[in-house]
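These notes are about the structure you will find just below.
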C-alpha cells in the first residue's frame with residue numbers, strides 16, 4: 001500500500017489474468033477457447049447478415065435480434081482477443097495504459113448495458129405483437145424501432161461514461177495489478193483508496209437500473225404473453241409463438257442471471273479469483289449460446305438460412321455451367 005502522497009492513477013495497469021497458472025494449462029485453455037471465440041463471431045455475424053439480407057426477416061423482432069447480435073460481436077471483440085493473448089504471454093500479466101484500461105471498462109459497460117436494455121425492448125415487441133396484435137403494426141413502426149435502439153445505446157453509453165469516470169477519479173494506492181482478465185469494474189475499484197462508498201453505491205444502483213428492473217419487466221411481459229398464447233389460436237400458432245418466447249426468455253435469464261450474480265454484490269462479499277473464473281463463462285460461453293438458441297429454435301431463421309444457402313448453391317452451379 002502506497003503512502004497518501006502517492007495516491008494517484010498508476011502509470012500503467014497490469015491485467016494479471018491467469019498468468020500465474022502453469023503454461024501447459026494456459027495453452028490448453030487457449031486451445032479450447034479460441035474455437036468458441038470464432039464460433040461466437042460466426043454465429044452472431046450470421047444472424048446479423050440474415051436479418052439484413054433476407055426480406056422475410058425485415059420485421060421488428062428480427063431488427064432487434066440483428067441489433068443484439070451486432071452488440072454481441074462488438075462485446076466479444078472488446079474482451080476476448082486480449083484475454084486469449086494473455087494465455088500465451090509470459091507470466092506477469094499484460095501492461096496497459098490507464099486510458100486503455102478506462103476505454104475497455106467503458107466499452108464493456110456500454111455494450112453490456114445496451115444489451116440489457118435491448119432485451120427489454122425485445123420483450124416489449126413480443127408483448128405488443130401477441131397481446132395487442134390489432135394495434136401492433138401501428139405501434140411498432142420502423143421509427144419506433146430505431147428510437148428504441150438509439151435509446152438503448154445511449155442509455156448504456158451514458159451509464160458507462162458515468163461509472164468509468166467515477167471510478168477513475170478515485171486515488172489508487174494499491175498499485176495497478178488488476179486481478180482479472182480485463183479491466184472489470186470491481187477488479188479496478190478494489191485498487192482504489194479513500195472513500196469508495198459513493199462508487200460502490202453507484203455501481204449497485206446501476207445494477208438495479210440495468211439488471212433488476214428490466215428483468216422484472218421482462219418476466220411480467222412474458223408471463224402475460226404466455227397467458228395469451230395458452231388461451232387463443234390453434235396448436236401450430238401457439239407452438240410457434242411459444243418457441244419464440246422461450247428463446248427470448250432463455251437468453252434473458254442467462255444474461256441477467258450471470259450479470260446479477262457478478263455485479264449486484266458489495267465488494268466486501270466478493271472474491272476476485274472466483275470472479276475471474278466466472279468471467280470465462282460470461283465472456284466465452286454465454287455469447288455463443290445466443291446464436292445457438294435463436295437459430296436452433298427459430299424456424300424463420302432456419303428457413304432464411306436454407307434459402308440463402310440454396311440461392312448461393314444454385315448460383316454457383318449456374319456459373320459452373322456457363323464456364
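A Cβ is built for glycine as well, from the same backbone N, Cα and C atoms used for every other residue.
Automatic prediction, not curation, is the source of TrEMBL annotations.
On a predicted model such as this, the values are computed, not experimentally measured, just so you know.
Per TrEMBL, domain 'G-protein coupled receptors family 1 profile' is recorded for 43-294.
The feature transmembrane segment is assigned by TrEMBL to 27-50 (among others).
Here the transmembrane segment (62-85) has Cβ contacts under 8 Å with residues 15, 17, 30, 33-34, 37, 40-41, 44-45, 47-48, 50-52, 94, 104, 107-108, 111-112, 114-115, 118-119, 121-122, 125, 145, 148-149, 181-182, 283-284, 287, 290-291, 294, 300 of the same chain, all six or more residues outside its ends. TrEMBL lists 62-85 (among others) with the feature transmembrane segment.
Marked as transmembrane segment by TrEMBL: 105-124 (among others). Cβ atoms under 8 Å from those of the transmembrane segment (105-124) belong to residues 61, 64-65, 67-68, 71-72, 74-75, 78-79, 148-149, 151-153, 155-157, 159-161, 163-164, 167, 182-185, 188, 206, 210-211, 214, 217-218, 221-222, 248, 251-252, 255-256, 259 of the same chain, restricted to positions at least 6 beyond its ends.
Within its own chain, the transmembrane segment (144-168) is flanked in space by residues 9, 60, 63-64, 67, 98, 102, 105-118, 121, 124, 185, 188-189, 192, 198-199, 202-203, 206, 209-210, which lie at least six positions past its ends and keep a Cβ under 8 Å from the stretch. Per TrEMBL, transmembrane segment is recorded for 144-168 (among others).
Taken from TrEMBL, the feature transmembrane segment covers 202-233 (among others).
For the transmembrane segment (245-265), same-chain residues at least 6 beyond its ends with a Cβ under 8 Å from one of its own Cβ atoms are 112, 115-116, 119, 122-123, 126, 130, 185-186, 203-204, 207-208, 210-212, 214-215, 218, 222, 225-226, 229, 275, 278-279, 281-282, 286, 289-290, 293-294, 297-298. According to TrEMBL, the feature transmembrane segment maps to 245-265 (among others).
Per TrEMBL, the feature transmembrane segment maps to 277-296 (among others).
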**Cβ-Cβ under 8 Å with the transmembrane segment (277-296): same-chain residues at least 6 beyond its ends** = 29, 33, 36-37, 39-40, 43-44, 46-47, 65, 68-69, 72, 75-76, 79-80, 83, 180-182, 184, 247, 250-251, 254-255, 258-259, 261-262, 302, 305
**Message:** Checking distant contacts: for the transmembrane segment (27-50), what same-chain residues at least six beyond its ends satisfy Cβ-Cβ under 8 A?
**Reply:** 18, 57, 65-66, 69-70, 72-73, 76-77, 80-81, 83-84, 87-88, 280, 284-285, 287-288, 290-292, 294-295, 301, 304-305, 308
**Fill in**
Within the same chain, the residues 6 or more beyond the ends of the transmembrane segment (202-233) and with Cβ under 8 Å of it are 112-113, 116-117, 119-120, 123-124, 126-127, 130-131, 156, 159, 162-163, 166, 185-186, 189, 241-242, 245, 248-249, 252, 256, 259-260, 263-264, 266
